[in-house]
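**Q** Just lifted these from TrEMBL, have a look:
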type	residues	note
COMPBIAS	94-104	compositional bias 'Acidic residues'
COMPBIAS	229-240	compositional bias 'Basic residues'
COMPBIAS	247-261	compositional bias 'Low complexity'
DOMAIN	18-162	domain 'Knr4/Smi1-like'
REGION	89-112	region 'Disordered'
REGION	229-274	region 'Disordered'
Amino acid sequence: LLETSPGVAEVTFVEKEPAERHTIISWEQKNSCMLPEDLKNFYLMTDGFQMTWSVKTDDTPMPLGSMVINSVSKLCRLGGSSMYTLPNAPTLADLEDDTDEEGNEDKPEKPHFDSRSLIFELDPCNGNGKVCLVYKHTKPVVSPDTEIWFLDRALYWHFLTKTFTAYYRLLITHLGLPQWQYAFTSYGVSPQAKQWFNMYKPITINTALLSEEADSFVNKLDPNKVFKSKNKTPVIKKKPPSQPAGSQKSHTSMTSSKTSSLAGNSSRKRDSQI
């Protein structure tokens, strides 16, 4: 589908070997939690996923789409303690606020940066945020129920899907377009990303967000108007104002009288010389 799209070039898929079962077991023991079955089966088929594609601008390929799922070794815990952290350095847990609204039927409970949740990075999103695998309930033991959430650059949480399989479908159907995860936030994708969305429209149930307030975000150019030839209006030269008939007669009589008088004077000069 990508290779047949207009302007798309350099579609690259990185094939990866299946993850070893003992690698998955080692990860589960290290983090004291069980991987969800669909994600575990995914890793047993391929240890991560990576697909990129570019578009040609002035015959030069420009990287655009990126679909990434971290391997088991890169499925790192977010906000975990590091050996290089200073003793009194601030952590993500310091961002927790007890006044945060708890989840309800419309809005699920948000993950926590402290010990109440376990968060692992699935996709770094090219620096536009992080897609995370979240275990929201860890006490008294870690619950096997997981969800997929998006953490934006302002460290706000946005719910994506309940299962990894559903997220994987979203990733594929959005073609890895830049900032596609922001289509599931209240503020939507950026104007620049929306231009790419309108050129390579993903087939999802979330297409209503693309048409919302399109006039204020998307530049709509009508080629018929932009390249329309402008007809030059002919310049009409102004004619000198016509003189009335009476003035023309007086002018001709004056010129004739002048010529007659000049002729008379010249004849008189000749007679005197003779």
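For all residues, glycine too, the Cβ spot is worked out from N, Cα and C.
Model, not experiment: these values are computed from the prediction.
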**Q** DSSP on the domain 'Knr4/Smi1-like' (18-162): how many residues come out helix, how many strand, how many coil?
**A** 30 helix, 44 strand, 71 coil
**Q** Along the domain 'Knr4/Smi1-like' (18-162), what average pLDDT does this model show?
**A** 84
